Amino acid sequence: MGKITKEFIIQNELGFHARPAALFVKTANSFQSKILVKKGKEEVDGKSIINLLTLAAAKGEKITVTAKGKDADAAIGDLKKILSEIFKG
Amino acid sequence: MLKLEGIGVSSGIAMGKIFLLKDLISSIPSYSIKKSQIPGEIKRLKKALAKTEKEIKKIQGKVRGEFKKEARIFDVHLLIVKDKRMFEKVVQRLKKKRVNVESAFAFVAQEFISGFAQINVDYLRERRIDIEDVAKRILHNLLGLQRKSLSRLQEKRVIIAHNLSPSETASMSKDKVIAFATDMGGKTSHTAIMARALEIPAVVGLKEITSKVQNEDFIIIDGNRGLVIINPDQETLESYKEKEEHLFVVKKDLSILKDLPCQTKDGRRIKLRTNIELPQEIDHLSSYGAEGIGLYRTEFFYLNRKDLPSEEEQYHFYRKAAEKVNPYPVIIRTLDIGGDKFASSLQISSELNPFLGWRAIRFCLARPDIFKAQLRAILRASPFGNLKIMYPMISGIEELRKANNLLREAKTELKSEGKEFNDNLDIGMMIETPSAAMTADILAKEANFFSIGTNDLIQYSIAVDRVNEKTAYLYEPAHPAILRLIRNTIKASHQEKIWVEMCGEMASEPSFALLLLGLEIDALSMTPFAIPRIKKLIRQVNFQEAKEFAKTVLSLETGKEVMDYSNAFYQKKELFDEKNG
């Protein structure tokens, strides 16, 4: 059981709004690992679109993504890719 | 078993499964469930989610072709439907609180939605609309059926609602609706009128029936007594089945009357006509022995659509009615929109006092484009039968003149276009404002006939809202003020040698038939199924005694005195009133 944590700074104008959140959630759901997203003290389920939308991560804010489980490595890898694509615009 | 008492507004008895019409989220029914019901509730949730997913995919497929970018938002919606957190939360609440799944879901959805309120970034906060949108869809599916699907009811149902709007009743599949029961409403509310037109029982003013029932409950609607019985026991059910049978037999007896003339024992004839709400109703008129249509409502053309009806479309319907009912008359009432009937195409903004506001003829005179299209359509249909035009809500002679000016313009136009019409068709007007009733002598000089609309006349004269249950008790057709206005209107019209009919609810009440006969009304127009009852009564009495009866009634001081005297008279003469049968 692996556990990997990685920090990201939200860089795109609209932050974690609907479509980036959708992309993130879709990717997260393709893995068995538990995916958690933390902003400040609040930590939510990265596989839940509703949770991610209510987390409301805006431009410039820091989020911490944690993956726990067998495929944690791969999950973080893919999520990192997704996030950098989102941040490209 | 639960009995609720309301106001019976359309007679008869019906029983069956209910269909609950609900305003969403805020008014979701909440009830407790047994532990054994939990798996069933979860299954319902799963089903509703699956159905919602399908719906969204379908919409997405449609949108994708034209608006690629917009279609992507549905990806978000799909993820919301499949959101495991939401699902778990609902199940958790369902188990913990032992409540039905709709109520658990509505609670969770509301919690999520209010979570968005705390977000301080505008565009992120706005995403709540996506949650709301999806939550509503899911709730619709959880409740089994939705408002829109009234047009697609699969089996016969009793419709339960807070209040039924004209657009809702207009979109119902008529053959599947067997009764109405509503929280709101009184004797002349739209629900009541519609129920009588459809000949189905209805009980209104039940105050809280929508919170006492759930979809799939079994219910008995007793329109005669104003009672509803939810989930009746075996004994009650049996006794009602018997009553239903009995009523059927009574109805059959009355149908024998249809070919007999409506005439008193001493030879006074009065005409019985019908009120029509929807064009389809014309088809079964002949089975009631009606002598024409005394009120052909035209609002249905304008309700439930985004565009305006064309002259051509209206012409087609008017012509069909004229041909079908010929040689009897069809009295077409021009657009009576406003009040409680609104059409999206007409953009009448909401008013503080809609019944005193921009409605009916007031609206039509301000929008000659719409009004003239209707007048032209009626004129063009006039050669095909016996059509008459009737203006609603006339409050004084100027309005009548203005309407007639527009009619003249329409005629001139048609002439120059070489289109045929009956230049002599009768032009009448409704007497439904106190001001019109009091100036009937002036109006009678420039109209060919009057039609007394008692529903509005009563509410305007007594200044009482006919839908408000708190004031409904003041709504009294037997109020001496109303009886005097009716008497004056009839007298004034006969002095000018024009005829007068009554098309309000009062015309269909056997308890008023003797009085109206005695006041020398020329015709009564009512919902078709009321015709045999009224005819039976008229055939049992003498015109002379009716006149004396009316004279006494007009000397009484209160509505209650009128009803008491009338009931005693009916009993003495053994005039039937099977209202309580």
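A Cβ is built for glycine as well, from the same backbone N, Cα and C atoms used for every other residue.
Annotations in TrEMBL come from automatic prediction, not curation.
These come from TrEMBL:
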DOMAIN    B:5-127  domain 'Phosphotransferase system enzyme I N-terminal'
DOMAIN    B:154-226  domain 'PEP-utilising enzyme mobile'
ACT_SITE  B:His190  active site, tele-phosphohistidine intermediate
DOMAIN    B:253-542  domain 'PEP-utilising enzyme C-terminal'
BINDING   B:Arg297, B:Arg333, B:Asn455, B:Asp456, B:Arg466  phosphoenolpyruvate binding site
BINDING   B:Glu432, B:Asp456  Mg(2+) binding site
ACT_SITE  B:Cys503  active site, proton donor
Ask   = Over the domain 'Phosphotransferase system enzyme I N-terminal' (B:5-127), what is the model's average pLDDT?
value = 84
Key: Farthest-apart CA atoms of B:Arg297, B:Arg333, B:Asn455, B:Asp456, B:Arg466, residues recorded for phosphoenolpyruvate, distance in Å   = 22
Ask   = Taking the binding-site residues one at a time (B:Arg297, B:Arg333, B:Arg466), which has its Cβ surrounded by the most other Cβ atoms within 10 Å?
value = B:Arg333
Request  = Give the residue from the binding-site residues B:Glu432, B:Asp456 that has the most other Cβ atoms within 10 Å of its Cβ, counting over every protein chain displayed.
outcome  = B:Glu432
Query = About how far apart, in whole Å, are the alpha carbons (Cα) of B:Arg333 (phosphoenolpyruvate binding site) and B:Glu432 (Mg(2+) binding site)?
reply = 13
Query = What same-chain residues, at least 6 away in sequence, bring their CB to under 8 Å of the CB of B:Cys503 (active site, proton donor)?
reply = B:Asn275, B:Gly294, B:Leu295, B:Met430, B:Ser451, B:Ile452, B:Gly453, B:Ser525, B:Met526
Remark   = Rounded to a whole number of Å, the separation of the Cα atoms of B:Asn455 (phosphoenolpyruvate binding site) and B:Glu432 (Mg(2+) binding site) comes to 8
Ask   = Closest to B:Glu432 (Mg(2+) binding site): which of the binding-site residues B:Arg297, B:Asp456, B:Arg466, going by Cα position?
value = B:Asp456
Key: DSSP-derived helix, strand and coil totals, residue by residue, for the domain 'PEP-utilising enzyme mobile' (B:154-226)   = 21 helix, 19 strand, 33 coil
Ask   = What does DSSP assign B:Arg333 (phosphoenolpyruvate binding site), in three states?
value = strand
Ask   = By DSSP, how many residues in the domain 'Phosphotransferase system enzyme I N-terminal' (B:5-127) are helix, how many strand, and how many coil?
value = 79 helix, 15 strand, 29 coil
Structural state of the residue listed as 'active site, proton donor', classified by DSSP into three states = coil
